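Trainee: Structure in structure tokens, see below.
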Amino acid sequence: MASHIILPPDGDDDEQQRREDEENDGGGSGSGGDGEQQQQGGGNAKAAVPFSAMCVRISRDSYPNLRALRNASHASLTDAAYVKISEGDFGYVLDDVPHLADYIPDVPTYPNPLQDHPAYSTVKQYFVDEDDTVPQKVVVQKNSRRGVHFRRAGPRQRVNFESDEVKACIVSCGGLCPGLNTVIRELVCGLAHMYNVNNIFGIQNGYKGFYSSNYVAITPKTVNDIHKRGGTVLGTSRGGHDTKKIVDNIQDRGINQVYIIGGDGTQKGAYEIYKEIRKRGLKVAVAGVPKTIDNDIAIIDKSFGFDSAVEEAQRAINSAHVEACSAENGIGLVKLMGRYSGFIAMYATLASRDVDCCLIPESPFYMDGEGGLLQYVERRLKENKHMVIVVAEGAGQDIIAKSIPASDQLDASGNKLLLDIGLWLTHKIKDHFKSKKMEMTIKYIDPTYMIRAIPSNAADNVYCTLLAHSAIHGAMAGYSFTVGMVNGRHAYIPFYRVTSTRNKVKITDRMWARLLSSTNQPSFLRQKDIDEAREADRLTNKPPLPPVANQNVAKAFDQSASASSNGEI
């Protein structure tokens with residue numbers, strides 16, 4: 001049976017030792033009949049924060065005393081305070097998101113304004129049930145444990161903010177992506193039209209805009225048609241994250257809802273902002289909307305803008321195919337975005353059906369010798385007189401490094417600067433055919449920045465709307481989280497779950513096999529590569545164990561590791 005154990009705050013060693021001794025003795029004045037440890041608040045306001053913040057539901061069988069709990073933790077108690085794990089029957093585990101009530105005693109609640117909204121009058125059920133959760137894994141067997149779940153997104157019957165008191169701000173960080181303006185528009189319109197919020201501000205040029213720029217007041221009228229344009233009307237930048245300065249500014253300006261749009265690095269920043277807000281005891285909700293054109297955010301089904309990117313990438317592939325077909329021994333080489341994950345390249349290749357070879361970061365390849373890329377290109381030209389190659393920007397970086405000295409330079413977001421695989425391949429292919437005295441023509445197309453700067457298509461516009469509205473409902477209800485679609489349902493996901501791992505193409509899955517079948521390219525893999533890929537898949541998709549987790553929770557997380565959000569179909 002699960003029970004609650006209250007962890008003492010760091011630094012209170014005497015109190016901690018006393019509680020551990022009482023626990024080891026099987027009792028103590030603060031223990032009830034069910035073994036539940038109670039903390040004596042004594043009216044001390046400072047003690048009220050650790051009391052609720054340190055409540056983590058765990059199995060008593062796995063941790064007979066608090067010392068064992070501390071030793072089993074993979075992080076400090078400060079980090080453990082932000083993890084909320086609940087167990088249920090049949091192996092059910094809820095990986096919950098933090099709430100204002102975790103650190104603000106008696107936080108007030110109010111009726112949700114949506115109950116009087118005319119647009120919702122025909123909805124059968126206005127509000128999401130508080131017990132609704134979304135499973136991370138949906139493909140199960142009859143004896144499977146229920147596994148890890150996330151809190152379902154949607155409007156709650158009670159909210160923690162009154163409309164008049166809300167002062168919201170929106171910021172976009174990192175690179176561009178189709179749909180950014182749509183998310184911004186729907187955040188503004190959703191706050192104004194659903195919850196009657198009038199004070200909404202835009203933060204210009206990323207995180208540094210919190211402390212280096214004036215806030216811009218935005219209304220539904222000012223953002224009415226921005227979804228028709230690419231980019232972001234708020235501007236964006238990489239880096240510039242200074243947690244203390246950002247939270248100082250949030251506190252000084254009276255902001256109480258922060259909406260942060262960006263990739264995994266941006267969501268890590270959102271997590272740090274939330275932790276600082278919580279340390280200060282501020283009534284502020286932090287909602288992250290994950291964004292990456294590479295589609296590599298963990299847990300979620302897909303990132304907004306990905307469908308638009310694939311659709312635009314097809315146009316570049318079509319152009320490369322026309323160029324290749326129009327020349328003797330013509331080769332069209334297209335480089336697409338994909339620093340660590342080759343989802344755009346893979347899906348654009350499958351959608352196009354004109355590609356003869358697709359190279360991605362997850363699948364190693366080699367140039368020379370039997371079964372190498374150059375031999376395959378030569379054979380393909382002899383058979384068809386033309387070919388199209390698609391390569392993700394992060395592919396083959398290890399091969400380039402052997403011939404070109406690479407410096408470990410990083411961009412402002414901490415990403416390693418990549419060498420141009422497309423240009424390098426172009427020269428290698430030219431040199432190969434020159435040595436063979438064989439005529440050929442190669443056209444290199446790099447549409448990467450064109451793709452990410454387009455407006456979102458219809459499907460992404462709808463998806464962005466749902467993400468924005470789900471973020472608003474969660475923030476109004478007092479949660480802090482990253483929002484995303486999990487198995488077709490919108491859910492609130494803890495920050496640490498989307499920032500600690502990255503989704504990658506599984507070259508041992510059927511989707512990659514479909515691509516190989518479509519292109520008729522060799523896999524370029526040796527058995528050693530396949531074994532390493534399987535092990536990498538296992539480690540990559542294994543969720544990080546929460547700082548406070550028992551054996552039952554660990555087993556549920558392990559069984560959910562096989563459920564990749566971008567997984568097999």
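Placement of Cβ uses the backbone N, Cα and C atoms for every residue, glycine included.
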Trainee: Using TrEMBL as the reference, determine which range in 102-140, 141-179, 531-569 is annotated region 'Disordered'.
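Mentor: Going through 102-140, 141-179, 531-569 one by one, TrEMBL flags 531-569 as region 'Disordered'.
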Trainee: Around Asp264 (Mg(2+) binding site), how many other C-beta atoms are within 10 angstroms of its C-beta?
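Mentor: Around Asp264 (Mg(2+) binding site), other Cβ atoms within 10 Å: 23.
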Trainee: Can you tell me how far the Cα of Asp294 (active site, proton acceptor) sits from the Cα of Asp264 (Mg(2+) binding site), in Å?
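Mentor: Here the two Cα atoms are 11 Å apart.
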